[in-house]
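**Student:** Structure incoming, see below.
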Amino acid sequence: MKLVIVESPAKGRNIQSFLGKDYKVLASMGHVRDLPKSEIGVDVENNFEPKYIIPTKAKKNLTLLKKESAKAEETILATDEDREGEAISWHLAEALKLKDPKRIVFHEITEDAINEAILHPRKIDIALVNSQQSRRILDRLVGYKLSPFLWKKISRGLSAGRVQSVAVRLVVDRENEIKAFKPDEYWTVQAELCKCHTRESGYPENAKLTLDSRLHGNDNEKFVATLVKKDGKPIEKLDIKNQIEADEILKDLENSDYIIGKVEKKETKKNPFAPFTTSTLQQTASNKFGFSAKFTMQLAQKLYEQGHITYHRTDSLNLSETSLEASKKFITEKFGENYYNFRKFKAKENAQEAHEAIRPTRPVITPESLGGIDAKQLKLYTLIWQRFVACQMSSAIFDATTVDIVASRHCERSEAISTSGIASSPAPRNDGEYTFRASGQVLKFDGFLKVYPTKFSEADLPVLQEKEKLDLVKIESSQHFTEPPPRFNEASLIKALEKFGIGRPSTYAPTLSTIQTRNYINKNDQKRFFPTEMGVLVNNVLMENFPEIVDVDFTAKMEKELDEVAEGKDTWQKTLKDFYIPFAKKLEEKYKEVKKENTDVATDKICPECAKPMVEKLGRFGRFYACTGFPECKHTESLETKESKEVKSLNIDCPKCKEGQIIFKKSKRGKIFYGCSIYPKCDFAVWDKPFINKDGKSDFCPKCKSILVETKKGIIKCSSKECDFKT
């Protein structure tokens, strides 16, 4: 019997079904060794030697693995092919005392991929292990050394991190930009124009040809054009600064002749997107479905373990030959030869992690034919399937038309209209010329859009010719103001982290999760990030004392150096030494000169327990009232303004006592829950939001009569742990 070790039971069950009875597949349940939580666990003086321990939760399972490994003919390590997976294999080899462990890797959990991997084992990639080890140690040194500094400077319970602190800085910097932003006024001018109606163009013979009657043609003969030039000079966005300037232009244009100067027709193409990487999958799932990065990765993990998609922690755009052949066959048979177009995508520099983009393992398995997964998993699978198939399809083709209309001012204009549609008036005296532009496009061939629907504007212009005269239906101006940069959401923050080279595919989701859990940033109702008061304070302290820790370029440079360790270009000890020696020296200096930030605010409140004054303090999870008699008196009170109380009330009666109201609350650790407003008289509390029916009241479980709650994923379920009811 041969033993195969993977990380998780779900992954193991699928692999076991492929390998049969000659193999036994067991799970390590994640890491079997790690740095201790109770101490720094790194011997800096001994060349940064790490002190690895076996976590308590891993001991029982490790004992089982040792027993099975001793009985096995050979032990095969089949963890994920990235830094973390390679490190888990190395730790397993060390803990199980394997002399010559076999390491297999694969990008998808399919029978062919597993059998191919079994036939081609390799050794553990020590360079990749060292890269993970150096990251782990570096993060431990920064976190365990810098966090106590924040405790002394601000408040206990705070933390700093090599990647998380830069992410917080991006959010704080963006908030500062928004606050400092001063809007500029600007105006735009649009003209609604219409083809002239003349006797020659089929206008009724017995109709009276007046200018007014000519302007009531068919709607498809009317179109809108935007002012883009004045006297041949382009009008920039802020050139028309106010209504006075806009009105002067309107006055000129109301008595102008509108003649088509140029008609440009061309065929344009819209190319499909590249297949998904970790970051683009997280961004797209966030924008389309509102999924958090963490939730997206949880769904992707399940799809990967079930064998539906390839490995989901990757920044590679490579696609295997097998997958390309399968996509070609599927596209040509399903849509026709003209829909297929082979494409090879170039990955960004220093692409890391696994070596293929995220794709379905079998393109022939369409979302409609896939069973055995829940609705959210199906949404994500559909997105991945569509993106992969589309990336090997033809471009969408549009017929695009751009029309420039020249408006020339003249001294007067007669209402008399000749049969040719030309106004009879004196020769024009041009002392001002304006150019308007109208654009339209019509889809000619859908190409990849057939499987990957993408928003595009489709506007058809009437048939127009150069030198053709047009009638003005109406001319108007619009006021605008420049807008500040938007706050980050999950998608745009991940995009920024990737753009600046901060973190790697495996770190985006945990980074965003950590800085929210730490209460350094929060989300508003539009799911946009804003920094908390504590987040701003921590960022400012780090900026002032350790600017390199929150410096984007410095952190990106560190990421590159850690990548070079993975490539074997540098040693992990040297990389750590180059960072740590100047960092430790500065930390020692700052400890000597540090003065605690005074964030207390005096109040007129009196402590109900000892009658001493109370102050407003800033804690990890926001402001609160505290007695000045601390530590003898530990009385505290939550700080809620009238406005915040109104926002946090759900306006539904407590289902337990019928007296209080259900209100939004935060635990001492900042976790959101829902409780009764007359606590401690009533101790009703639930973690999920109580479900409110169409009558605006709470609803109860049909099975056990407990209150129903609604999870963040939109699932309605019973609040009782003993009841399994859910919709």
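In case you wondered, yes, glycine gets a Cβ from its N, Cα and C as well.
Curation plays no part in TrEMBL annotations; they are all automatic predictions.
Sharing the feature lines straight out of TrEMBL:
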ACT_SITE  Y311  active site, O-(5'-phospho-DNA)-tyrosine intermediate
DOMAIN    1-111  domain 'Toprim'
DOMAIN    125-587  domain 'Topo IA-type catalytic'
REGION    159-164  region 'Interaction with DNA'
SITE      H31  site 'Interaction with DNA'
SITE      R135  site 'Interaction with DNA'
SITE      R136  site 'Interaction with DNA'
SITE      D139  site 'Interaction with DNA'
SITE      Y144  site 'Interaction with DNA'
SITE      W151  site 'Interaction with DNA'
SITE      R313  site 'Interaction with DNA'
SITE      R518  site 'Interaction with DNA'
**Student:** Any residues 6+ beyond the ends of the region 'Interaction with DNA' (159-164) with a Cβ under 8 Å from its own?
**Tutor:** 138-139, 142-143, 146-147, 149-150, 497, 502-503, 507, 511, 514-515, 518, 520, 538, 542, 549, 555, 558
**Student:** A 10 Å Cβ contact count, applied to the recorded sites R136, R518: which residue has the minimum?
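**Tutor:** The recorded sites R136, R518 were compared, and R136 has the fewest Cβ atoms within 10 Å.
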**Student:** Would you kindly give the Cα-Cα distance separating Y144 (site 'Interaction with DNA') and R135 (site 'Interaction with DNA'), rounded to the nearest Å?
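**Tutor:** So the Cα of Y144 (site 'Interaction with DNA') lies 14 Å away from that of R135 (site 'Interaction with DNA').
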**Student:** How big is the Cα-to-Cα gap, in Å, between Y144 (site 'Interaction with DNA') and H31 (site 'Interaction with DNA')?
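**Tutor:** Y144 (site 'Interaction with DNA') to H31 (site 'Interaction with DNA'), Cα-Cα distance: 20 Å.
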**Student:** At 10 angstroms around each C-beta, which of the recorded sites H31, R135, R313 has the fewest other C-beta atoms nearby?
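**Tutor:** Result for the recorded sites H31, R135, R313: minimum number of other Cβ atoms within 10 Å at H31.
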**Student:** Work out how many Å separate D139 (site 'Interaction with DNA') and W151 (site 'Interaction with DNA') at their Cα atoms, rounded off.
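**Tutor:** About 18 Å separates the two Cα atoms.
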**Student:** Could you give the number of helix, strand and coil residues in the region 'Interaction with DNA' (159-164) as assigned by DSSP?
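**Tutor:** Final tally across the stretch: 1 helix, 0 strand, 5 coil.
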**Student:** Which residue, of the recorded positions Y144, W151, Y311, has its CB surrounded by the fewest other CB atoms within 10 A?
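**Tutor:** Ranked by other Cβ atoms within 10 Å, the recorded positions Y144, W151, Y311 bottom out at W151.
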**Student:** On a C-alpha basis, identify the one among R136, W151, Y311, R313, R518 that is nearest to H31 (site 'Interaction with DNA'); the candidates are the recorded positions.
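**Tutor:** Going through R136, W151, Y311, R313, R518 one by one, the Cα closest to that of H31 (site 'Interaction with DNA') is R136.
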**Student:** Say you check the Cα of W151 (site 'Interaction with DNA') against those of the recorded positions R136, Y311, R518; which is nearest?
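**Tutor:** Considering only the listed recorded positions, the nearest one is R518.
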**Student:** So for D139 (site 'Interaction with DNA'), how many other CB atoms are inside 10 Å of its CB?
**Tutor:** 16
**Student:** Between R518 (site 'Interaction with DNA') and R136 (site 'Interaction with DNA'), what is the CA-CA distance rounded to a whole number of Å?
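**Tutor:** About 20 Å separate the Cα atoms of these two residues.
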**Student:** Mean pLDDT across the domain 'Topo IA-type catalytic' (125-587), rounded to an integer, is what?
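**Tutor:** The average pLDDT of the model in the domain 'Topo IA-type catalytic' (125-587) works out to 88.
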**Student:** Please report the distance from the Cα of R136 (site 'Interaction with DNA') to the Cα of Y311 (active site, O-(5'-phospho-DNA)-tyrosine intermediate), rounded to the nearest angstrom.
**Tutor:** 22
